[in-house]
């Protein structure tokens, strides 16, 4: 099947009666968006009416929208932190939710350098599972015969910790993969993975990746789709193959498993999969020994119909590299979700990445929207924003997403900026524009300007004894390397260059000092997940940032209002910066990170 026939073919009939029911559910729910939202809010307020949080605002049992909007404030994570900390410390009273908090989901966003803790309740797993159950019925409308093979998905669990009160804190996908909903899921030919549960659930990232790759190679002719959660994760798998193909070929030739795979459950699960196959081993050597890896995905997995990865938002930077490795296979973005809530799905999953829009499912939570952009009224504490309901947003306008969940988050600002692109029935469809205030992102990490400035300040301390300071800086997320890494451009003022300049080694240490200052999500990516490479500092010639300003002014910027950009991705600016680089430095070691007990 050609790429064009997959992406441009009109929707087919439902693949099964089960699919037909799922699609009917989508139609009914989106057709009645406003009434479903009214019911969801009423259910949330009714069940949580006795919580300390809602009582504080004097709802007195009211469950209507007008009372809710007039009495309950719009909040951020920092506003809720005292209540969340009490729950984390073991307070089991009805603080946010009438249902027991089952665990905390750790957000990729951070507060004071630590992952945000999102309280959740057990029944939220049912809602997440429901949304997952809708994905393949939609995909089957566009791509036929996915039940005739398997999906090669690189899925991983991440480190988890416990709060002082004994609740587990872990990423939402780790929670899902470790749940009975996932581990004991019934066989579904449309969701048949090459990776055994034991490989997905192995906490050691090398052992997990290695065995998942072995399974994918052994079953290469059965693979119909290749994926990971994020585009960066799939590229990390390709890089892993580049580094380990010789050992993988050796194991497949002999039918023996790498001795580095020590997990007993992994070795047992692989015993029925890995048999001596010299022919496959020779094929892997032949394909991987060449320097040219263009099209390596369809070369090794020739029946692949599409790649299933998120390539919206910060992940869009990986699209050219994915196209290179896949010969331009379609990129499917299927759903929109976060630690706080699962939101919706892409009803045209085979569209181009630039055209991806997610339909918000109104049964998942109660959704409101703060108008955003140049035409939106300014926000202030004295005049709270007028929030727009899900059914009332307008096409072409941008909004910041606000949610009220069954788990007890009320009018919580998620931080995502969305643009309305259209409607499916009465449910709006949104393009993900960006995370609010995020400057740099490689994988799950999100670094804002304040955090980057703090890291620069901390690293600059090492320069003081050399009478040297950072005059200006900017940055970019370099995704041409695998894994990607942060690049920081520094212009230095060295007051005594003849006698007392910082050495190459000192500037290397500055890289590490910056990494030590970044949040725990970044440091986990560096240390445990190997999803981020060592931070790089490129020192540029004196006067470079003046040239940058001259360039901006020549393109119409105001000299009175010009500020050096703290993040760059415009090619002419990056070419100018790179042409002025005088030295390059990398972190000499990984920063400190441990999955410590949550305070």
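Heads up, the Cβ atoms here are built off N, Cα and C, so glycines get one too.
No curator has checked TrEMBL annotations; they are predicted automatically.
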Stated TrEMBL location of region 'Disordered', expressed as one of 1-20, 21-40: 1-20
DSSP residue counts for the domain 'GH3 C-terminal' (451-570), split into helix, strand and coil: 49 helix, 26 strand, 45 coil
Helix, strand and coil totals (DSSP H, G, I; E, B; other) for the domain 'GH3 middle' (358-435): 3 helix, 41 strand, 34 coil
